Amino acid sequence: MEEKEKKQQEAMQKKLERDKLLEEEMNSIKGAKNAAPAKVTRAHIDATLERERLAKIAAAVRTKEENAGTKPPFELDEDAPLHENVNRLVAEEGAARSVDEALAALSTKDEDGGDKHPEKRVRGAYIVFEERELPRLKEEYPNFRLSQLKQMLKKEWQKSPENPFNQSTQTYNSARR
């Protein structure tokens, strides 16, 4: 019995120590959370900016009063050449004057209908070719398996004028007509 009571007391002491350590840890965590800076509001930021602006104005007024009798910090040179205002220049011929004209100038679309990206249509064109030619091949070679027929179709497709890669295209930087 004494052993049981002794074990119970030891268990209670260990539990109290654990609780005490847990509480200390929680307090230290709470202390760390409380140490975080307070939230800065828009009004606080505006007030700080206003104080800085007023301080700059006051400093400018003080320096102006101090330099009231002296000559200006810079002198105008009347002999210096005037620079041309490039904002009002008329654009050269062929230059884009709007966003639409710039996009048209950069466009890669050919006026003659040449195709720059045939690879985007190859799959669809092949499916149409296959649907049309497969029944013809089945009639010509009734004992062939479907895989054999498709191999034959693939070989014909490589030579077909319907294949977008077999159609003539222009290079991307060729002159426009």
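Using the three backbone atoms N, Cα and C, a Cβ is placed for every residue, glycine included.
What TrEMBL says about a protein is an automatic prediction, not a curated fact.
Note that the structure is a prediction, hence the values are computed from the model and not measured.
According to TrEMBL, the feature region 'Disordered' maps to 1-40 (among others). Taking Cβ pairs closer than 8 Å, the region 'Disordered' (1-40) reaches no residue in its own chain that is 6 or more past its ends.
Under the heading region 'Disordered', TrEMBL lists 63-82 (among others).
Across the DNA-binding region (119-177), DSSP assigns 38 helix, 0 strand, 21 coil. The DNA-binding region feature in TrEMBL is assigned to 119-177.
Residues or ranges marked as domain 'HMG box' in TrEMBL: 119-177. Looking just at the domain 'HMG box' (119-177), the mean pLDDT is 84.
Under the heading region 'Disordered', TrEMBL lists 155-177 (among others).
The feature compositional bias 'Polar residues' is assigned by TrEMBL to 160-177.
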